[in-house]
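Novice: Got a structure for you, written out below as structure tokens; questions coming shortly.
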Amino acid sequence: ITRPEMEIGRYHWMYRSSRPHRYHHVPALRGNVSPLGIQGCFECCIKCLGGVPYASLVATILCFSGVALFCGCGHVALTGTVSILEQHFSTTASDHALLSEVIQLMQYVIYGIASFFFLYGIILLAEGFYTTSAVKELHGEFKTTACGRCISGMFVFLTYVLGVAWLGVFGFSAVPVFMFYNIWSTCEVIKSFQTNVTVPGDQICVDIRQYGIIPWNAVPGKACGPILENICNTNEFYMSYHLFIVACAGAGATVIALIHFLMILSSNWAYLKDASKMQAYQDIKAKEEQELQDIQSRSKEQLNSYT
């Protein structure tokens, strides 16, 4: 290559307008991607669906459903229970005054439980969104702080405490189911003995006073034979019995949801802890690379000064 050819090549490289124009093949567009490289609606939907924390979403739906069943059915069932006691087992208002106050207090507690778990479920769902990989893609580099890890650990502890408390609520909600089942089974025994003349149905009774919900001096305190059978055939008894069953099932669903939340929060906390360690490692690595580049640049400057 002669010197004139080298000058011509240098001229073409410096002034691109003089370089021969070349046509490049433009690939065909796929899907809804625009010519400017902007993602279409389908790609955006797929990206958004990929960032949804499905485990937290399922646990939230299960928690909301369980709390709603427990609070709604339990509130109506308690009202029906008071009506049954006033009409058939405790005709004097002073005998069941304390029970009425306790049931009214429990209904107010139900309102508070529903409100608290509505907010708590939304907070846990938001925490699930925070720890997904989609947040890193939408907001750039993912940074974890000690405050964020502390909040995640606090949620783990609080969810554990609530899970233990709801185990007690689940056991407590099974008590009225047991009581109503005993009354219902006694009524079934009375119906089966109607054809047996040797065993009169009047001798089969249910005494509510033995459960401790009304005092022993309450009148009449018990129901026997046909009176008990009529109680079992009333709408209040039928609805209260089945609503207590549904409320107990709702409490069990809430326990499962809290256990599910506990597993998710523990996994998220471990993820944040590992992410913080990885972040510290990357910072140290970037600092070492920057120092190495500075050393290399200084070495090149010294070498150029010598030459």
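Glycine too: its Cβ is placed from the backbone N, Cα and C atoms.
Bear in mind that the values here come from a model prediction, so they are computed numbers and not experimental data.
Positions annotated as coiled coil by TrEMBL: 278-305. The transmembrane segment feature in TrEMBL is assigned to 57-85, 105-130, 151-175, 243-265.
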Novice: In terms of Cβ proximity under 8 Å, which residues at least six beyond the ends of the transmembrane segment (151-175) contact it?
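Specialist: Distant Cβ neighbours of the transmembrane segment (151-175) are 70, 74, 120, 123-124, 127, 131, 244, 247-248, 251-252, 254-255, 258-259, 261-262, 265-266, 268-269, 272.
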Novice: Would you report the average pLDDT that the model assigns to the coiled coil (278-305)?
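Specialist: Summarising the coiled coil (278-305) by its mean pLDDT gives 74.
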